[in-house]
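Student: Before anything else, here's the structure in question.
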Amino acid sequence: MRIAGAALNQIPIDWEHNLRNIRIAIEMAKETGVELLCLPELCLTGYGCEDLFLSDWMPEAALAHLQQVRQWTEGICVMVGLPVRLHKRTYNTAAVLRNGEILGFAAKQFLANDGIHYETRFFTPWLAGETTTVELKGEQWPLGDLLFEHNGVRFGFEICEDAWHPDDVRPASRLVGKVDLIVNPSASHFAMSKTDVRYQLVMKASRTFNCTYLYANLLGNEAGRVIYDGEILVARNGHLLLRNQLLSFKEVDLEWIDVNFDAELAPAADIVPLTEPDEYKELNQAMSLGLFDYMRKSRTRGFVLSLSGGADSCFCAVGVAEMVRLGVEELGAEEFKRRSGCFPAAAETVVQQEGAGGKAAQVVAEEDAVAPAALSTNQELVSHLLTCAYQGTVNSSDDTFNSAKELADSIGARFHNWEIDEEVAGYVGKIQTALQRDLTWKTDDLALQNIQARVRAPAIWLLANVQNALLITTSNRSEASVGYCTMDGDTAGSISPIAGVDKDFVKKWLRWAETELGYAALRHVNALQPTAELRPLEEKQTDERDLMPYTLLNRIERLAFYDRRSPSKVLAALETEDTGFDHEELKTFVRRFYTLWSRNQWKRERYAPSFHLDDYNVDPRSWLRFPILSGGFAEELAAL
Ligand SMILES: Nc1ncnc2c1ncn2[C@@H]1O[C@H](COP(=O)(O)OP(=O)(O)OC[C@H]2O[C@@H]([n+]3cccc(C(=O)O)c3)[C@H](O)[C@@H]2O)[C@@H](O)[C@H]1O
Ligand SMILES: Nc1ncnc2c1ncn2[C@@H]1O[C@H](COP(=O)(O)OP(=O)(O)OP(=O)(O)O)[C@@H](O)[C@H]1O
Ligand SMILES: NC(=O)CC[C@H](N)C(=O)O
């Protein structure tokens, strides 16, 4: 039997878009002779519909829209994920459709409730062995723990998290011997190195439960923060039959394989491991797709970035350039432009060719329209999609200016340079007059730093507004942990692409991007020490002098909030490690970390939406919740 999985790039409650992708996948499958097709978890509504799952109307609308899918299923068996609401409870289900009929709804038994997942808020888990009935307009269908059969192949379900539970309790343990095939529609978020975990799950399940295992994940940045890699896996008795290219820019990625269910296949003695994932490359692909989807789904026209020439903003600039490079590489320039929605129709633009001795004249109907024909290279596309500005002060150095300018030029970004000292002096002067005293570095250090960061915000926002672009804010996870940023200053922005990764990783990634991706202009930033450049230059401010070494900060953060240890346990763990610091120094750093962490929860609550990229993040809207007001670990830190 030819079986297939299709990864779909969906949008919450965008019925037209989601149904179009579902239809395309089914038509592609039919054209290819596929008999059974698995689509991802909740692909009809989108996985990230949040509290809409708790309404009556949304699941009802999903069931109504499912009726449209029926007509496309002549001659094929298709699984479509959707919520079903019964007696004020919502179930996460996969409908099985064939020849215009709905055969039933398999319901998820184990809900994902860790890390970024909060499914128990929205859904009720289904009980093993139970079934009920769904009704609509006089028709009835079974829902629950169901078995199906198609052309002689018996199959059952695990829906995403169902597969992440121990072998003796997961649904597969009850399907073994009763089915030939287990189908797993998933919405499994991207995190660096996670693909190996998923691969092992699927391979081992197919061997342990003596079956063929078909797995299909969602694709792309569906709803803003979470990115799906569109993984499709088929394994049989521990042998890999199919694994696709991850993080595609396509809307629909259909992958199929022929399985001879009649032939015996001896279980694999060993599960062949995947080659170790390259996290720098993985992050690059995930961020590129994340940015592309965010841009087009928010219907904005590119990005604006305050480019300091430092590590964080350079990372973001390269991120946009890589979005273009990878997108064009996969889709081609024309399709990339069309899908981005950022390139006005050619008809709007009139380009007059250079006359004899005259200058080229451009008559452009829309202010930022660029003749599509001229935009053939990646640099030209970047020039359309990314505008950068260096906003210097007396505390800025030539090093950072050169770094910013050279990088922007090399990737083709539009680059502006202006100074903000006048505005800073204006605000400082007003407050000095109001208070009738001078503000000095001795008495008002933080305030004088923050006003510079804040004064950069209005102009760069104005530029973003004028261009209907997303303003990128550049915070990383390490800064977010300790609030090393000025609220409404350098945190101002609409999207925060790297807030999920730590500063040490940012620095290493930039060195990789210089050598492996060939961004030679990064040699400047790769030679610089991270600095806010907010104090007078002679003070030689660096982040690590203000805070602590980033590697240590990251380690404390991980021990405290990934491993969830107490301050004393964090300190004890550090003392067993080769940190290069003695007991008293470590105590100072641990105290500083927890104090800054607690004081700055309100900042983390106010960050622009950020992507989940690492195995954890500190965003209260996704991975890590913490009170805004708290005792700040006072007793625990005093006891150290
Ligand atoms: N619980 C709470 N809920 C709500 N608001 C709270 C609050 N606690 C304090 N606040 C408010 O927080 C304000 C202070 O916060 P904020 O104004 O952001 O500033 P603040 O956190 O005091 O200082 C910013 C820090 O970030 C560093 N920085 C800034 C900019 C860029 C960079 C860089 O690396 O490039 C580094 C800078 O060196 C400094 O150490 C207070 O005036 C108060 O209004
Ligand atoms: N001179 C500047 N021109 C434009 N933007 C700036 C300037 N200085 C700071 N910014 C903005 O403030 C952000 C925060 O500064 P921060 O120092 O944390 O990051 P960075 O300069 O990119 O990296 P690093 O910390 O490694 O120097 C910058 O990423 C940038 O967006
Ligand atoms: N949608 C889900 O059930 C996802 C949960 C699963 N543990 C994962 O991370 O892939």
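From the backbone N, Cα and C atoms, a Cβ is placed for every residue, glycine too.
Curation plays no part in TrEMBL annotations; they are all automatic predictions.
As annotated in TrEMBL:
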type: DOMAIN; residues: 1-267; note: domain 'CN hydrolase'
type: ACT_SITE; residues: GLU41; note: active site, proton acceptor
type: ACT_SITE; residues: LYS108; note: active site, for glutaminase activity
type: ACT_SITE; residues: CYS160; note: active site, nucleophile
type: BINDING; residues: ASN450, GLU479, LYS603; note: deamido-NAD(+) binding site
type: BINDING; residues: THR474; note: ATP binding site
Student: Based on Cα distances to ASN450 (deamido-NAD(+) binding site), point out the closest of the recorded positions GLU41, LYS108, CYS160, THR474.
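Tutor: Among GLU41, LYS108, CYS160, THR474, THR474.
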Student: Starting from each candidate's C-beta and looking 10 angstroms out, tell me which of the binding-site residues ASN450, THR474 has the most other C-beta atoms.
Tutor: THR474
Student: Name the residues of the same chain, 6+ apart in sequence, whose Cβ is under 8 Å from the Cβ of the residue listed as 'active site, proton acceptor'?
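Tutor: Looking at Cβ-Cβ distances below 8 Å from the residue listed as 'active site, proton acceptor', excluding near sequence neighbours, one finds TYR47, GLY81, ASN92, ALA94, LYS108, ILE159, CYS160, PRO185, SER186, ALA187, LEU218.
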Student: Tell me the Cβ neighbour count for LYS108 (active site, for glutaminase activity), meaning other Cβ atoms within 10 Å of its Cβ, over all protein chains shown.
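Tutor: 26, counting other Cβ atoms within 10 Å of LYS108 (active site, for glutaminase activity).
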Student: As a test of the contact definition, list every same-chain residue at least 6 positions from LYS603 (deamido-NAD(+) binding site) whose Cβ is closer than 8 Å to its Cβ.
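Tutor: Looking at Cβ-Cβ distances below 8 Å from LYS603 (deamido-NAD(+) binding site), excluding near sequence neighbours, one finds ALA480, GLY483, CYS485, MET487, THR491.
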Student: If you draw a 10 Å sphere around the Cβ of GLU479 (deamido-NAD(+) binding site), how many other Cβ atoms fall inside it, taking every protein chain shown into account?
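Tutor: Step by step: centre on the Cβ of GLU479 (deamido-NAD(+) binding site), count other Cβ atoms within 10 Å, giving 28.
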Student: Please give me the CB contact count at 10 A for CYS160 (active site, nucleophile), counting all chains in the structure.
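Tutor: Looking across every protein chain shown, the total is 27.
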Student: Around ligand 1, within a Cβ distance of under 6 Å, which of the recorded positions LYS108, CYS160, ASN450, THR474 show up?
Tutor: ASN450
Student: Filtering LYS108, CYS160, ASN450, GLU479 (recorded positions) by proximity to ligand 3: which pass a Cβ cutoff of under 6 Å to any of its atoms?
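Tutor: Listed by sequence, the hits are CYS160.
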Student: Could you give the maximum C-alpha to C-alpha distance in Å for the residues ASN450, GLU479, LYS603 that bind deamido-NAD(+) per the record?
Tutor: 15
Student: Less than 6 Å between Cβ and the nearest atom of ligand 2 is the rule; apply it to the recorded positions GLU41, LYS108, CYS160, THR474, LYS603.
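Tutor: Checking each Cβ against ligand 2, the ones under 6 Å are THR474.
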